[in-house]
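Chemist: First the structure, then my questions, so here it is.
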Amino acid sequence: MSLSDPDHDLVAAELGRDPTPAEAALFENLWSEHCAYRSSRPLLSAFDSEADHVVVGPGDDAAVVSLPTYDGEETYIAMGVESHNHPSYVDPYDGAATGVGGIVRDILSMGAYPIALTDSLYFGGFDREHSRYLFEGVVEGIADYGNAIGVPTVGGSVEFDEGYEGNPLVNVACVGLVTEERLVTAEAKRPGNKLVLVGNATGRDGLGGASFASEDLSEDAETEDRPAVQVGDPYTEKLLIEANEALIDEDLIRAARDLGAAGLGGASSELVAKGGLGAEIELDAVHQREPNMSALEILLAESQERMCYEVRPEDVDRVAEIADRYDLGCSVIGEVTEGNYVCTFEDDEPRGRETVVDVPAEFLADGAPMNDLPMTEPTQPSRDRPDADLDAAFEAVVASPNTASKEWVYRQYDHEVGTRTARRPGDDAAVLAIREAGAGLALSAGAIPAWTDAAPYEGAKAVALENAANLAAKGATPHAAVDCLNGGNPEKPDVYGGFGAIVDGLADMCRDLSVPVVGGNVSLYNDSAAGPIPPTPTVAMIGVREGYDAPPVGVTGEGTLLEVGERGGALGGSEYLAQMGGSDRFPTLPADAPAVVETLATVADLDSTLATHDVSHGGLAVTLAEMVSAEAGVSATVADVEALFDETPGRVVVETTDPDAVREAAGDAPVRSLGEATTDGTLTLSVGDTELTREADAIRDLRAVIEAELS
Amino acid sequence: MTVAVIQFGGSNCDRDSVRALSHLGIDAERVWYEDGLPDDATGVMLPGGFSYGDYLRAGAMAGRTPILASIREAAAEGLPVLGVCNGAQIGCEAGLTPGAFTVNRSARFQCERIHVRVENADTPWTAAYDEGAVLELPIAHGEGRFEADDDTYDRLVEEDRILLRYCDADGDVTDAANPNGSRDNVAGVLGSQETVAVMMPHPERATLPDLGGTDGTGLLRGFERTTTTV
């Protein structure tokens, strides 16, 4: 891939000359789809990113929101999400590991200390050997990197769908803690300040990663593109986390940007462009890992674990001392100016110092023309439901890798380091103790591609509602979201139409719920010989509650079971149809979603509430099965198969000692009696005139499909 | 009294350990490994993490740093030392405790809740419990399988230096309750003095009441029962 002819002409017209090879490569990478969002930015204005508690919205390394202060001081949360899809296909272990590293550094760039990660992973069919190879490699890469840097992985999602066979997705979100005094942005402040590069030495790894991420994966990508994948070093990342904290402690940083796509060229030019300034950078001043690197290689290498800081001249020595204390390389590579973004280079050749880049920083950062691509509107599937045996359908849905236990995954992640994890993975949402503010921070992340595959717009709305309901099930109020929008090749009108629909669906539901979408990431060209991926809107949403206590998922056996929330009267996108065949329209979502979410949070916090569990993937069948343990069971009645497998989000099953209190708290939201919790460790379901019984052991075996196949 | 929680470049339970000890009213502070052992330290905690990245062998490099030489000397004079997880691996590598912690039977990292049985309640670390008491504690490690040669192991048993064994919720030491394949389910051992102990489970993660269980509290209170200063 090289700079396209129209882009070349545009650059030449702006510069009044042909770009140098280094400039052409810089424009090629920074104007790529991956960096410049040329096909997606025209759609992203649909999102509402404003609210009183939004401190830093989209456009910086990560977003920052303030938390309500229940008890303590004002505390900010930095949050971001990133995809590392193509690298994870080519090299699952390193691709996923460096995805974690990258999003953690985005959090560091805001002056924040990272406190939690979530991973949303999407692979081809679980029965395929290749999917399992990718799955195992990705999980191990995330575990080895995340565990070593001491940031707990507290949640996420795993989905298997044929649509990801040629193109898996790895979407990593991170949250961090920061205060007003410690907050740093990526906006360069003043000419004369120095630019300091701290961290790993620069090598030839990851060259051209941004442009690699902006085209379809070719059939031989696994061998051909390996040099474009970076290799991570979590020990250095951990040192960088601690050094960054020490630098912020001493107020030595004026602006910061981590080095990600397009390496030093990307980070340094974006940093000065955001401040409306320029820079003069001596590329040969960069500390290097390999001999004889060219200017272009130093400029664009995506070597990991590096940060670019703007530092006052008088603070440079102290920054170098702190870097040295943490055994990190440190080089003063240039300074902020009022002119162009200029890079010079001198090597051993007799030609002397050369100017290899001299371009207006803002043109480089924001000058890429946007694409106006044709799209075709998606249509809803028609109704053609199977006539399936209840017993077989129950087993198939509960034992589907999509709804089954993910313990095999999260047991490999250290989810407790940091001693904040009050609600652990396996629950509807993780809850972190933010003792600084007396707040419980609930986190939910994921998407259900079967929903957006069936109905991109309604499915994306449902994904947003589902993440909000996960938070509410643990008594938290949705507070802010970041999204990772994954799509196929936007040059195909039907693919682009589906992508546009998930953007609108997500935006509409988040606006409806008053959840500002404060940042995100777009990954297009997730397309291969196997076809495009389903449009996949991963949402990472945070919620807040007073205190950290929340009802558990499992029933105690002491209470009555109620279903709070509205059913949608259809099975489109459901695991039931995925397993048993057929099609249907997508369920109708509740007309007043904010009221439903508020109700769920209120019900979760009632003194009489013993257990709560969100209803979504797999419907009531899966929800109720998951509430059963060896000590306590469930005896429930539903009218028919549709009621059992309906996946409409915005619903919670509650075990309560006071059904009237739940009905009163629910107001206008529907409350249905399901039955009773029992002490026999058995799930007993009456569905119409059919009865189904499963003991806790049998349910556990069904749900252990991933563990059974991979351990 | 101030317990020195030693921070290596890749330590990641140092802050958690200080938070848990402080919660118990035990004064504690982080000490950067290159700054040396403070003269007024009343105890040493080697926290969990990945000391030097542990690309070689968990704890191998940290066990050979100057601060570990100082800790070894101080421990010989009675300074209490507790190594947890990576700290346990470092303790073995540094020769503070016998045996080694190596790759889990599963060959995977495991983060989960397990049970351990108190095998010797007559130590500062376990005095809060009865012998045979069952504690629920978190583990989070990839290299936690305790191994020792027969002579070493027999001596440990003979000298009553097995501190904790993995067991089921009823206190039965079974293979099914052994999360990582440790020899005879050993989860923690004593050094040549009872003031030195290492263990794979994380007591500092089972101390703060807002996270659920508090079964680890008594183990950390060992620092209160050992009053020696160097």
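In case you wondered, yes, glycine gets a Cβ from its N, Cα and C as well.
TrEMBL does not curate its annotations; it predicts them automatically.
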Chemist: Select one of A:SER405, A:SER444, A:SER514, A:SER523: the residue that TrEMBL places in the substrate site alongside A:SER83, A:HIS84, A:ASN85, A:HIS86, A:ARG105, A:GLN230, A:GLU302, A:SER303, A:GLN304.
Modeler: A:SER523
Chemist: Which of these, A:GLY80, A:GLY440, A:GLY446, A:GLY520, does TrEMBL list as part of the ATP site with A:TYR37, A:ASP483?
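Modeler: Record check against TrEMBL: ATP site with A:TYR37, A:ASP483, extra candidate from A:GLY80, A:GLY440, A:GLY446, A:GLY520 is A:GLY520.
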Chemist: With H, G and I counted as helix, E and B as strand and the rest as coil, say where DSSP puts A:GLY520 (ATP binding site).
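Modeler: DSSP call for A:GLY520 (ATP binding site): strand.
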Chemist: Cα-Cα, whole number of Å: A:GLY520 (ATP binding site) versus A:HIS34 (active site)?
Modeler: 12
Chemist: Determine whether the domain 'PurM-like N-terminal' (A:59-178) and the domain 'Phosphoribosylformylglycinamidine synthase linker' (A:1-37) share at least three Cβ pairs under 8 Å, counting only pairs 6 or more apart in sequence.
Modeler: no
Chemist: In the structure shown, which of the recorded positions A:HIS34, A:ASP483 has the fewest other Cβ atoms within 10 Å?
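Modeler: Comparing Cβ neighbours within 10 Å for the recorded positions A:HIS34, A:ASP483, A:HIS34 has the fewest.
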Chemist: Show which residues of the chain containing A:TYR37 (ATP binding site), separated from it by at least 6 in sequence, have their CB under 8 Å from its CB.
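Modeler: The answer is A:LEU44, A:VAL522.
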Chemist: Mind tallying the domain 'PurM-like N-terminal' (A:426-544) by DSSP state, helix then strand then coil?
Modeler: 44 helix, 44 strand, 31 coil
Chemist: Could you pull out which residues elsewhere in the chain have a CB under 8 Å from any CB of the domain 'Phosphoribosylformylglycinamidine synthase linker' (A:1-37), counting only those six or more residues past its ends?
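Modeler: Those are 44, 208, 210-215, 261-262, 265-266, 269-270, 295-296, 299-300, 343, 356-360, 363-365, 367-369, 490, 522-525, in sequence order.
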Chemist: Would you list, in sequence order, the residues of this chain other than A:TYR37, A:ASP483, A:GLY520 that have their CB within 8 A of the centroid of the site's CB atoms, where the site is the one recorded for ATP?
Modeler: A:SER40, A:LEU44, A:PHE47, A:PRO58, A:VAL482, A:CYS484, A:LEU485, A:GLY519, A:ASN521, A:VAL522
